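Here is the structure we will look at.
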């Protein structure tokens, strides 16, 4: 993908990355819901899929295989000199962010978690400035704030209070803060690889997923989840087909994500991945004629305003040439 992307004109590269991420993860989301929320079996013996670690493990394996194929056919000339510890650190921070974000839902409500995750570009930018001494134009800061505010407003849906919701105050917010910090560290690691080692997108994708596979593999063996999953798959073999498709859409989506990181940096990647969910919901609203509240219209305007201003005035971050 990295090699083939050189055939794409510069002006089309960013739209290609955005569309690639959007289309792949749109179908990825459908498959994810089908796998994790579907009912298996009949009558009183119906079961649900509860093997989250195994699902992510298979996803990482498919990603790694896909990246290896891309390197073999399109990227053989590139020599990867990136330090292994950087890949390991990146995979640890990525997995940690994902686990922290999901665990936070035990202590905070969904809107709070969404608001936290929508702020992902902020730690990427802050850590990039503080640790890497990277400079962004003021317009970039304003555009990121507009986009984050727009996505948060669009996705926020106040619930009607039916009873008293109690949860431990502070712990959930701490987990979200940890998740955001780890997201930022992942972005800093990727930025460091780009700046000092000119790491290719395919090599980045391969090695981060290999390390993630190693960590998750140890996890599912230690917990015994792997054997429970194999027993489940034996009872419902169609799950294997859906999981493989799920892994393939993830691999394609990740190849576009890593290509975005290499050519445009982790901040732009964060903007794309943050707004992806917004556009997915927007497409759902258009296709199924779901109503949009005034607050969501404000969010829509802010996101498109932020994206438009960023395209026109937000340039200025130094890019690695390939």
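Just so it is clear, glycine is given a Cβ too, placed from its N, Cα and C backbone atoms.
Worth saying up front: this structure is predicted, and the values here are computed from it rather than measured.
According to Swiss-Prot, the feature transmembrane segment maps to 12-32, 51-71, 85-105, 136-156, 168-188, 210-230, 243-263, 285-305. Under the heading motif 'Di-lysine motif', Swiss-Prot lists 318-322.
Within the same chain, the transmembrane segment (168-188) stays apart from the transmembrane segment (12-32): fewer than three Cβ pairs sit under 8 Å, each pair at least 6 residues apart. Under 8 Å from some Cβ of the transmembrane segment (85-105) lie the Cβ atoms of residues 52, 56, 112-113, 116-117, 172-173, 175-176, 178-180, 182-183, 185-186, 189-190, 192-193, 197, 204, 207-212, 215-216, all in the same chain and six or more residues away from its ends. Recorded stretches compared: 12-32, 51-71, 136-156, 243-263; the one with the most Cβ pairs under 8 Å to the transmembrane segment (210-230) is 51-71. If one looks beyond the transmembrane segment (12-32) by at least 6 residues along the same chain, the residues whose Cβ comes under 8 Å of a Cβ in the stretch are 5, 242, 245-246, 249-250, 252-253, 255-257, 259-260, 263-264, 268, 272-273, 276, 279-280, 283.
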